[in-house]
Amino acid sequence: MITATSPQVVLASGSPRRLELMERLGFEPLVYKSDIEEVRGADESPEAYTLRLAREKGAAVAEALADRRDLPGWVLSADTIVVFEGDVLEKPVDAADAEAMLRRMAGKRHEVVTAYCWTWRAPGQPASARVQEARAVRADVWMRELSEEHIVRYVASGEPMDKAGSYGIQDLGGALVRRIEGSYFCVVGLPVCEVVETLEALGGLKGFPL
């Protein structure tokens with residue numbers, strides 16, 4: 001339940017997982033999905049890429065809602081990628097792409113990077129009044145060995161198709177993961193500890209739990 005000490009926020013993401021996590025924390029987010037081009041620069045590191053996307057998503061939504069004084073001032077945006085042997089693995093384009101990703105990662109370690117950004121959109125004020133704070137959180141994930149049947153059946157479930165790296169650790173994909181080091185919620189797509197910590201530091205949250 002939102003209280004006077006816990007602001008309502010705009011969630012700049014269409015991810016049902018991020019929405020669920022924010023609701024579990026006690027927020028009641030207004031979902032306003034950002035629409036930006038997601039293309040990694042030739043010399044851009046995975047972390048820099050996710051941080052840029054998180055900032056751009058937040059800025060795009062802040063701009064779209066610039067004159068809406070009736071909406072929450074804080075915007076939360078995020079981006080998640082999987083990094084395997086230096087390659088960035090985002091959402092699969094089709095089932096064959098998802099299967100190929102899982103074959104590559106089976107029995108090996110990969111890294112998940114989730115960047116998030118809080119944007120104060122300064123309702124009714126000039127864009128120069130906006131404030132952004134972004135952080136990237138990492139986790140190492142070891143996937144177990146997978147047979148071809150495992151891979152085909154998992155992809156056929158449809159679960160991998162909207163997820164970076166083609167698996168969801170919080171659902172069926174959890175059975176594919178041997179262990180993780182780092183933030184579990186980073187792998188899910190929103191590192192909730194760091195998200196709350198940053199909002200507190202920015203003065204946007206006066207007390208927690210909500």
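Backbone N, Cα and C define each Cβ position, glycine as well.
Where the annotation comes from TrEMBL, it is an automatic prediction and has not been curated.
Annotated active site, proton acceptor per TrEMBL: Asp79, in sequence order. Annotated site 'Important for substrate specificity' per TrEMBL: Arg17, Thr80, Gln170, in sequence order.
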Query = What kind of secondary structure is Gln170 (site 'Important for substrate specificity') part of, going by DSSP in three states?
reply = coil
Ask   = Can you count the other CB atoms that lie within 10 A of the CB of Thr80 (site 'Important for substrate specificity')?
value = 28
Recorded positions near Gln170 (site 'Important for substrate specificity') (Cα-Cα within 10 Å), from Arg17, Asp79, Thr80 = Arg17
Ask   = What is the Cβ neighbour count of Asp79 (active site, proton acceptor) at a 10 Å cut-off, with all protein chains included?
value = 27
Key: Between Asp79 (active site, proton acceptor) and Arg17 (site 'Important for substrate specificity'), the C-alpha gap once rounded to whole angstrom   = 12
Request  = Could you tell me which three-state DSSP class Arg17 (site 'Important for substrate specificity') falls into?
outcome  = helix
Key: Residue pair Arg17 (site 'Important for substrate specificity'), Thr80 (site 'Important for substrate specificity') - Cα distance, angstrom, rounded   = 12
